[in-house]
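Contents: one structure, followed by commentary.
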Amino acid sequence: MEMDTDAGNDVAGRAFDYDLFVIGGGSGGVRASRMSASHGAKVALVELPYHPISSETHGGLGGTKLAMISPYSDLSVQDAKGFGWEIDGEIRFNWKKLIQNKTKEIERLNGVYKRMLVNAGVTLFEGFGRIVDKHTVEVKDVDGQTKTFTTNHILIATGGKAVKLNIPGQELGITSDEGLSLEEFPKKVLIIGGGYIAVEFAGIYSGMGADVHLCYRKSLPLAGFDTEMAEVVARNLEARGIKCHKHTNIVKLESHYLGIKATTDTNEEYHVDQVMFATGREPKTANLNLEGVGVELDEAGAIKVNEYSQTSIPSIWAVGDVTNRINLTPVALMEGTCFAKTVFLKEPTKPDYENVAHAVFCQPPLSSVGLTEDQVKANHGGIRGEFKIFTSSFNPMKNTVSGRQEKTMMKLIVHGATDKVMGAMMCGPDAPEIIQGLAVALKCGATKAQFDATVGIHPTAAEEFVTMRTMTRQVNSPDVLL
């Protein structure tokens, strides 16, 4: 799908209510609105009424906000003993206080986003937006009143929503949307899924003292991540008391006098207080009338766009998770920025998806940028030839004092012919902070020789990335382009 650079020009001279009408106030929608307004466009945005738990009827500016609450409540106390702290008496965790403070922070952030938009000159509507035709949006407000507005361009930024497995008793379980808004803290939790949301919530609940079962269909959690690094995460989860059940499918949930009974396809049973579905997310495209106006969707229900985020209807665009490209907040921000440049500065700008860094906020966190070893072996990424794999595993200094037996793992993937560092990953304390810096190096095309020539900061874990001299192994990638 090529970009129609004349989008909107077929109605030249027509007076629109707005230059741009944005449906959805997530990260991408907010960024696109602000940037477009700063480029001189008259912009409006509609978002569902605010609520700390997003749903089909409620939302809030800024999109899904998972407050990354450190689950070290009891573990940090344990580690502190190794540093000489003597703690007498009972240490209690107040779930209600945490939820209250988390909700206050989300409310504050919603207000911040609102002020940013208003200060940028964006007109805000609270309600449900629906596309009438390629230049008209209908808004139904909280009182049920509807108004229609004409606009030269429409941007869809409605994001995604958590989905549950279609199994008997699914209504007994929750999703990540409700995971940090429960009235009572669950003492026993079963999490279905092996993706990053599942792994993160397993750590959060376990760190706060819950007995956690993590059930996933494959042999390891975090499918799609580097297998060696996923193995490290799995070991860490189990070492911290999380019970990992690989090759496990939950097929039924039932109410039980002990709480909820979850049954597997091999008739194993788990009795828990709460079940969370962390089984993926899907684009929020329902009730927008997309098919009615001719906007094409893919098999997963995501909006099909070209390289410039333009849909099959030239005046309608889409960014963020609703397009199911790379579903990360910073990526949605990038897409929103590129959209504003393309449409209102007349500077066609494609989002750049190469070397986008990722992080999984498990304990300790995992972060990576570039190619994984699995992708190299599978010819993903288009690079031919031999690859050198450098790895390092060590006990971080904090753990040597506290006595915690949990190693940090680092890995570099280097293209043999060019010496370019094609992938970097780490599982250990502060991994996302360190990998964010290395992402800049990979974006600039840094070589292993340049890594080796860099003087490290001592004593840090990060210095290990510039002192890995000995190759661990070599792998081949048959046929791909550089």
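Every residue, even glycine, has its Cβ placed from backbone N, Cα and C.
Curation does not apply to TrEMBL; its annotations are automatic.
The feature active site, proton acceptor is assigned by TrEMBL to His458. Summarising the annotation, TrEMBL assigns FAD binding site to Gly129, Asp321. According to TrEMBL, the NAD(+) binding site annotation covers Gly193, Gly194, Gly195, Tyr196, Ile197, Ala198, Val199, Glu200, Gly280. Among the features that TrEMBL reports, domain 'FAD/NAD(P)-binding' is placed at 18-336. The domain 'Pyridine nucleotide-disulphide oxidoreductase dimerisation' annotation in TrEMBL covers 356-468.
Here the features listed in TrEMBL are painted onto the structure.
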residue	record	Cβ contacts under 8 Å, 6 or more apart
Gly129	FAD binding site	Phe21, Ile23, Gly24, Val46, Val137, Glu138, Val139, Leu288
Gly193	NAD(+) binding site	Cys215, Tyr216, Phe277, Ala278, Thr279, Gly280
Gly195	NAD(+) binding site	Pro221, Leu222, Ala223, Ala278, Gly280
Val199	NAD(+) binding site	Leu214, Pro221, Leu222, Val233, Leu237, Val360, Cys362
Asp321	FAD binding site	Gly26, Gly159, Gly160, Arg281, Pro283, Lys284, Asn327, Ala332
His458	active site, proton acceptor	none
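Site extent for NAD(+): the farthest pair of Cα atoms among Gly193, Gly194, Gly195, Tyr196, Ile197, Ala198, Val199, Glu200, Gly280 sits 13 Å apart.
It is Ile197 that, of the binding-site residues Ile197, Gly280, has its Cβ surrounded by the most other Cβ atoms within 10 Å. Of the chain residues outside the NAD(+) site list Gly193, Gly194, Gly195, Tyr196, Ile197, Ala198, Val199, Glu200, Gly280, Ile191, Phe201, Pro221, Leu222, Ala278 have their Cβ within 8 Å of the site's Cβ mean position.
Secondary structure counts, DSSP: the domain 'Pyridine nucleotide-disulphide oxidoreductase dimerisation' (356-468) has 34 helix, 35 strand, 44 coil.
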